[in-house]
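Written below as structure tokens is the structure these notes are about.
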Amino acid sequence: MATATARPVTLLSTVLLMYPATLLLGSLFSAISPTARHSRDLSGSSPQPASPLAPSLATDLHLSESPVNYFARKNNIFNVYFVKIGWLWTTAAFVSLLIFQPLYSSSRRESSSQQQARFRRTLQAILRYALATTVWYLATQWFFGPAIIDRGFIATGGKCERALEEVGKMTAGQRSPTGLETLFTAATCKAAGGAWRGGHDISGHVLMLVLATGLLAFEAVGASACAPACVSQVGPTADAGRERKASDADSTPVINSNETGGFARTWSLRLVWGVVCLGWWMLFMTAIWFHTWLEKWSGLFIALSAVYAIYILPRRIAPLKDVVGLPGV
Ligand SMILES: CCCCCCCCCCCCCCCC(=O)SCCNC(=O)CCNC(=O)[C@H](O)C(C)(C)COP(=O)(O)O
Ligand SMILES: Nc1ncnc2c1ncn2[C@@H]1O[C@H](COP(=O)(O)O)[C@@H](OP(=O)(O)O)[C@H]1O
């Protein structure tokens, strides 16, 4: 058992390297692509120096207003309907695994110990999802007030520029607006027409996309690895499946439900891998068009640490494994 889990640790850690590789590739593309260079030329009026190491292309260069590339627009359809509600897609894909993968739900007859094992496995999968969700939520949505990303931004000297000016004008002579900046989050700042500038703005896109694709990929690989064994266990449904092959004419309700199960199983995996692939593509786009190197890498660092802690560390630390489990085991 020890060797069975030890080998994948190295393999899985290596697979995680595809994330930094994606950011590197994106930054490289951004540096050498004539289109990206053209974007930088257009932004000559930007207050920020434009280089792959300098603050944000799209965030500061207003690519959403004069986009050269479709994916450099903040309002591109994939950003609006996929990334901006990315955790909803992640949740839907994850839930589809729980419902349709035989690892978690099975129509075959089981002993009570098998049922208990399945129940425990499902709870552990939900716990892994809850841990990843908590990281996402605290980092990007709420952390006893503004999210960690927003707090980090303000702590490193960032502020809501235009909005502060407005508030400053309104309250001139009455009270200092300086303290107000801590009241803002990136979302409220932008909603108030302000510009979120100055500090270290950890990329929420990178953080969420790495966390979501990591979570789904590990869970899908685990569920797929088990699928053949889970489905081919001897049992009434499995027997029916074999009969189905022998005689197509002899369809029974059990056989149909088996077929429906296979269809749902396949499509739930397709949904998961679809979300993972699109997530990776949008990560690549963020790497090319948005943020500074450091902001992308800090987003990556937080997300990869979480993925490592949830999916790889338990392979090394047995008590942790007993609690969160491993996908497919
Ligand atoms: C101390 C203990 C605290 C415990 C906290 C527990 C938190 C549990 C939260 C439970 C929420 C579960 C929600 C699950 C269902 C959903 O997914 S609904 C949410 C749908 N919303 C999204 O998917 C939003 C995703 N978008 C973002 O996160 C951001 O837009 C972004 C991608 C990070 C980018 O942000 P920008 O503003 O564009 O920079
Ligand atoms: N791949 C992508 N496609 C479109 N917009 C992106 C993007 N990656 C980042 N952005 C935009 O860049 C800004 C900073 O993103 P983040 O900090 O989450 O990485 C956000 O702008 P808005 O907040 O104005 O929508 C976000 O929508």
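Quick reminder: no glycine exception, Cβ is built from N, Cα and C everywhere.
Taken verbatim from TrEMBL:
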ACT_SITE  HIS205  active site
ACT_SITE  HIS291  active site
TRANSMEM  12-32  transmembrane segment
TRANSMEM  85-104  transmembrane segment
TRANSMEM  125-144  transmembrane segment
TRANSMEM  206-227  transmembrane segment
TRANSMEM  271-291  transmembrane segment
TRANSMEM  297-313  transmembrane segment
Requested in this report: Compute the C-alpha separation of HIS205 (active site) from HIS291 (active site), stating it in Å without decimals.
Outcome: 10
Report summary line: With the cut-off at Cβ under 8 Å and a gap of six or more residues from its ends, the chain residues touching the transmembrane segment (271-291) are 19, 22-23, 25-27, 29-30, 33, 36, 39, 55-59, 63, 69, 71-72, 78-79, 82-83, 86, 89-90, 92-94, 96-97, 201, 203, 205-206, 209-210, 212-213, 216-217, 219-220, 299
Query raised in the report: What else in the chain is close to the transmembrane segment (12-32), if you only count residues 6 or more beyond its ends and a Cβ gap under 8 Å?
Result: 51-52, 57, 206, 210, 214, 218, 280, 283-289, 293, 296-297, 300, 303-304, 307-308, 311-312, 315
Report summary line: When each of the active-site residues HIS205, HIS291 is scored by other CB atoms within 10 A, the minimum falls on HIS205
Report task. Tell me whether HIS291 (active site) sits in a helix, a strand or coil according to DSSP. Result -> coil
